[in-house]
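Database features, via TrEMBL:
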DOMAIN    12-380  domain 'Cation/H+ exchanger transmembrane'
TRANSMEM  27-48  transmembrane segment
TRANSMEM  87-106  transmembrane segment
TRANSMEM  112-132  transmembrane segment
TRANSMEM  144-169  transmembrane segment
TRANSMEM  181-201  transmembrane segment
TRANSMEM  221-250  transmembrane segment
TRANSMEM  270-289  transmembrane segment
TRANSMEM  296-318  transmembrane segment
TRANSMEM  359-378  transmembrane segment
Amino acid sequence: MEHLGILCLVLLSTALAGHFSRRIGMPAVIGQLLVGIILGPAVLGWVVENDFVHTFSEIGVILLMFMAGLESDLGLLKKYFKPSMSVAVCGIMVPVALVYILGRFFDFNNEQAIFLGVTFAATSVSISVEVLKELRRLDSKEGTTILGAAVIDDILAVIILSVLVSIFSDVAKSSGGHVQSNLALGITLQVLYFIGIYVVFKWVTPTLMRIGEKMSVSASVILMSLVICLGMAYLAELVGLSGVVGSFFAGVAVAQTGYKREVEESVEPIGYAVFIPMFFVSIGLHMTFEGFLSDLVFIIPLTILALLTKWIGCGAGAKALGMDWHSADIIGAGMVSRGEMALIIAQVGYSAKLLTSEYYSGVIIVIILTTIIAPFMLKQAIMRQKKTAKG
C-alpha cells in the first residue's frame, strides 16, 4: 500500500510542477526534476530510490525513447547519419580530454582522471527529447541529428567504459587473461545485436504487428508494440548496451508499419500518465547536499566544464559537417544533459574503484546540475534560432 501512496504523491506533484513550469516559460521537465529533489533525500526525504521507483522509472525512460523512435523519420536518420557520427565523436573527445585535465589538477591518478572524463562524455538524450517534443522540434534536422548522435554516443560510451573497467579495475587486475576475451565477447554481441535490428525492421516487427491485428484480444496491436519495445530493450541490456537504445529502434521499427498512429495515440497516455513522471523524479532523488559546500571548489569548475565541453564539442561536430551556427548551437545544447547514463557510469566506476568516495557525491551533484540546466540551454538555443528567422 505504501507504493500506491508514493505513486499518488509523485503523479500529483509532477503534474502541478510541470504545469507551473510551463506557466512561467520553462520546460515542464524542469519542474518534474525539481520534484525529485524536493521529495527525495536532499530536502523532505519522503521518497527514496527503491525497487518500486527504480522499476517504474526504468519503464518510463524506455517508453519515452520508444515514443521518440515512433516520431522519428527513418529517412532523416539515414540522411543525417554523418553529422550524427561527427557530433557523437566530437562530443566524446572534447569532454574526455578537458575533464581529464581537470581530474589531474585535483590529484586524480591517470586511470581515475580518464574515467572522470568518460563519465561526462556520456549523453542522456531523454531529457532533451522531452523538450524537443514540447517545442515540436523532434522531427527537425536538429532533433534527428541529436537522436542519431545520442545512440552512437551511447554505444561509444559503453565500449569505452567496458575497456576501462576491464583494464584498470581491481577485478580486472586480478583476473588476468579473462579481460581481453570478455571485452571481445561483449563487442561481438553488440555487433550481432545491431545486425539483429535489421531483421527486426524487415521481418519481426511487421509480422508481430499483423498477428496482433488478427488477435481477438483487446488492444492486441498495442500489446505487440510493447512486446517489441520491451523485448528489444531487454536484449540491448543483455549485450551491455542501454535499454533506451533498444526501445528507440523498436519505436523506429513500429513507425515503418501501418500502425504508427494507433500505437502512438495509445502508448503516449500510458507513458505520461504513470511511468515517465517517475523517471524524471528518480533523477532528482539522486541529489543530496551532503558535503556540498566543502566540495564547491571541485563542483563549480566541473559543472562549467561538463556544460561547455559537450555544448562546444557537439556543436563543433555539427558545424564541421555543414550545419549552420544556430543548428550547431541547438545540437550542442541538446547533447549536454547527462542524466541516467552518467549516473550508471559513475556507479560502475565507484564499484570498480575508479572513482573515490571523496569525489563520488560531488560527481553525482554535477550530473544532476547539468541535467537540470540542459533543458534551459536547449530551449534558449531554439528561441535564438526562431528570433533570427523572424528578424
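Every residue number used here counts from 1 along the chain in the order it is shown.
Cβ from N, Cα, C; glycine included.
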For the transmembrane segment (296-318), sequence-distant contacts whose Cβ falls under 8 Å of one of its Cβ atoms, 6 or more beyond its ends: 83, 86-95, 98-99, 102, 106, 120, 123, 145, 149, 327-329, 331-336, 338, 359, 362-363, 365-367, 369-370, 373-374, 377
Recorded stretch that, among 27-48, 87-106, 112-132, 221-250, 359-378, has the most CB pairs under 8 Å to the transmembrane segment (270-289): 27-48
Positions on the same chain near the transmembrane segment (87-106), where near means CB under 8 A and six or more residues out: 112-114, 116-121, 123, 145-146, 148-150, 152-153, 156-157, 160, 298, 301-302, 305-306, 309-310, 312-314, 316-318, 320, 331, 335, 359
Intrachain residues whose Cβ lies under 8 Å of the transmembrane segment (27-48), provided they are six or more past its termini: 6, 9-10, 13-14, 16-21, 127, 130-131, 134, 277, 280-289, 368, 371-372, 375-376, 378-379
